[in-house]
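Participant: TrEMBL feature annotations, pasted as is:
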TRANSMEM  C:12-33  transmembrane segment
TRANSMEM  C:40-58  transmembrane segment
TRANSMEM  C:64-84  transmembrane segment
TRANSMEM  C:96-116  transmembrane segment
TRANSMEM  C:136-160  transmembrane segment
TRANSMEM  C:190-212  transmembrane segment
TRANSMEM  C:266-285  transmembrane segment
Amino acid sequence: MMRFASLGQAALVALVVVYLLAVYLLPSQVWMGFTINALAMSIVALSWNITGGFGGMASFGHAAMYGTGAYASAVLQVQFGVNAWVAFAAGIAAGALMGAFIGALAFRYGVKGSYFALVTLAFAEVLRICASAFEITGAGRGLQLTLQPGVATLQFNNDRVLTYTLLLGIVALVMALTAWLKYSRFGAYLVAVRENEDAARALGIDTYRVKVTAMAISGAFGGLAGAVYLQLWLFIDSSVVYGVSISVTALIGPIIGGAGTVWGPLVGTLGLHLLGEGAKTALHGAPGLNFVLYALVLIAALRFLPQGLMGLAARIGVLGRKGGDDA
Amino acid sequence: MLEVRNLTKRFGGLLALSDASLDVPEGAIVGLLGPNGAGKTTCFTIIAGFTRADSGSVRLDGQDITGLPPHRICGLGMVRTFQIVQPFAGLTVQENIAVGAYLRHESRREALAEARRIGQRLGMGALLDRPAASLTIAGRKRLEIARALATGARLLLLDEVMAGLIPTEVTEIVGIIRQIRDEGHTFLMIEHVMQAVMSLAETAYVLNYGKMIAQGTPQQLVRDPAVVEAYLGHGAAARLQEAAHA
Amino acid sequence: MSSLILPAVLNGLTMGAVYALIALGLTLIYGVLHIINFAHGSLLMLGLYAAYFLFHFWGIDPYLAIVIVVPAFFALGYVLQRGIIAPMSAGSEQNVLLVTLALSLVIDNLALYFWTSNTRTADIAYAYDTVEVLGAYLTLGRVIAFFAALLVAGLMWLFMTRTRTGAAIRAVAIEKRGAEIVGIDVGHTYALCFGIGTACVALAACLLLPTFYVTPQVGYTFVLVAFTTVVMGGMGSLPGALVAGLLLGVIEALGGLFLGESLGQLGIFVAFILTLLFRPAGLLGRRPT
Ligand SMILES: Nc1ncnc2c1ncn2[C@@H]1O[C@H](COP(=O)(O)OP(=O)(O)O)[C@@H](O)[C@H]1O
Ligand SMILES: [Mg+2]
């Protein structure tokens, strides 16, 4: 499954893998804690990548799916006492449904480009306002899970190494699914829709269905990311899980790492978090400055790295004749 | 195989198609001619399901397909190409063709194999691993045909595949189309340039200002005064006659 | 209840006029450059801070500050378009949206860093004087904003239809290539529009400050309202933005009245989604086929 277009890409990926393994050996717990955050965010980046990267439908509101996953899982656990595993699965399903719903509405009426970005943003905003207004979602107070570490409750907060390992497993699974999609008929159709929708329709592709399915898959990953967040922090509130910073983080990582590649979202998100963390240390923990940095990197990437870091790496040490954006 | 009846289409005040009908028998190569802006492409977009006609009907193999979406029509065995060639720029030539092949081959391996086979058949064997964006105009036109063919369609609607090509390239494409026809495919092809069609089509229709003004063999059509007028302007036929007599 | 409706509607109209003014700038930029400026709300926030600091440090009345803030923001907008947005987006529509999103992140988070998340107000006593209109009591500051917004909308319309520069802008909006050929400097015209759009938002900020507050997040609240206004008014339409802004002000006020404060804004976003889905050409426009 895994093929690299160049030595550069292979080296970049190797670097990431070595880092992720080295975290086990680093003496300081700080690295692991920080990388856990980065991995958790890279799930929503991978979610964005399905629609925004492969499908070319850039959303500004992936928090809509993220928050829905988190809230669905939290409401079931807190308000209805549902088992954490079931609630977790329900969170994924809820994210998928929300994605499909937004997609079905938007694509039914031919919304695309910047309009699609704004529609998704508006949906996230509507959901944020609703979640902060209704009692069942904890209104303005948010929802808190009872601390009860254990396998049955999916709470591993007391074991950092286990948490890290589980997150690595989840990210690896999502990436494997992404790779599988990429090399399937559906993946080819999604890219065809991105590159030229009319040509795709002429070749027998039901583009509406492809796009809605992509939103559902992306929504499932987004819901997963939200449900993971809940289990990590045991607390959610609407301004966090439905907030813009989720939507923004979801899109910056893939664009910088390489949208429409399997490794790009992880590479970008990890790189950004490292950069942000470094800046935070250098500037003594100034709040919000990491976002300034992310934004500047985003602007630079749009101008100078149209295919992100993976695209840049692809041009270093090209293997064989085959150009392109493999891996 | 294809029966188009009384298509009419308005864009605001402009009557792009008016009561246009045509027939394409199985195994034929039929031309659709006419000057720029005559409504040829509009006719294709309606037949292939991209636009709805204001009135009229389209039947494929006896089945009414009026108003079906393009992907359904493609599934029934009719596919269109675009006058402005539209390759999937981020994909290689083989992957481009595979997008068409996926319609009948679910697995990636089979779709790629089919794409390779069709690419080679269209003389693109050496280009298969190139990014589609790097192709020349002639290469893109071929890719357009290859992708359409890969869907397994039996009826291909080609929109000006010869336009912008140099004579040797035209000769090559003519050879390819003839060969594909001999393998059992049917063609309806739009050409703006008459000569290109003369050597291929058995019958041709001529559109002018949205109306079908003539039908016949290409040889008959070039002698038809209405056709000559459409191409060369009002009074041209009379002037040609005079010139011939003088 | 019914006795509350008229005041709510009138209050909504005054707020709506401010929405309209903010949206005028955004719609002008869209209409001519065909780009969606995501940083528009952040520029409003900057304008509010500019007016606030002028008041705070030098006691300059926000209404007087207009003569300083508006020209300064015109220049700021001009430079942003010429210096950052145009060169960095490399001509792609999606990149423009992303570049302006990034700009808004930079502006918002720098504001947060330098000015903290404290809510600040400029307390100008007379702004809260009440005026009786049709039996409803409205705050003076809002009434001033209402008439000023209408006045500016009118002036802008005159500028676009009666001046040479306006004609050049319209030419670029309709047919960029053609305008280039007849010798109009398109890059300059784009930046000019961006400057005017930014000046509008600065003016809105000065009118808003006396009866509002400022925090680094305030721009985000407004940017979505502004998008809604622009879309409902028909992207690029000045009169459309005016009508839609007023309408949204009323929708919000009535939403707040019937659904409570926390859900009041919901009406706006629902209106936004519905418009984008069903009437993408705007309430007054025709749906493209
Ligand atoms: N989507 C459209 N909207 C408005 N007018 C159109 C549209 N498509 C085509 N037309 C007009 O219809 C006429 C026929 O166009 P077309 O079918 O492309 O001609 P041809 O392919 O014969 O050159 C032209 O005048 C063209 O401008
Ligand atoms: Mg044509």
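From the backbone N, Cα and C atoms, a Cβ is placed for every residue, glycine too.
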Participant: Please tell me whether the transmembrane segment (C:40-58) and the transmembrane segment (C:190-212) touch - that is, whether there are at least 3 C-beta pairs under 8 Å between them, with each pair 6 or more apart in sequence.
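Facilitator: Answer yes, regions in contact.
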Participant: State the non-local partners of the transmembrane segment (C:12-33) in its own chain: residues 6+ outside its ends, Cβ under 8 Å from one of its Cβ atoms.
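Facilitator: Distant Cβ neighbours of the transmembrane segment (C:12-33) are 40, 44, 81, 138, 142-143, 145-150, 152-153, 156, 169, 172-173, 189-190, 193-194, 196-201, 203-204, 207-208, 222, 225-227, 229-230, 233, 235-238, 240-254.
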Participant: Can you say which of C:64-84, C:136-160, C:190-212, C:266-285 has the most Cβ pairs under 8 Å with the transmembrane segment (C:96-116)?
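Facilitator: Answer is C:64-84, with the largest number of Cβ pairs below 8 Å.
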Participant: For the transmembrane segment (C:136-160), find every same-chain residue at least 6 residues outside the stretch whose CB is under 8 Å from a CB in it, and list them.
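Facilitator: Answer is 6-7, 10-11, 13-15, 17-18, 20-21, 24, 28, 63, 124, 126-130, 166, 169-170, 196, 200, 203-204, 207-208, 210-211, 238-239, 242, 245.
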Participant: List, by number or range, the same-chain residues at least 6 past the transmembrane segment (C:64-84) whose CB is under 8 A from its CB atoms?
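Facilitator: Tertiary neighbours of the transmembrane segment (C:64-84) are 33, 39, 43, 46-47, 50-51, 54-55, 99, 103, 187, 190-199, 201-203, 205-206.
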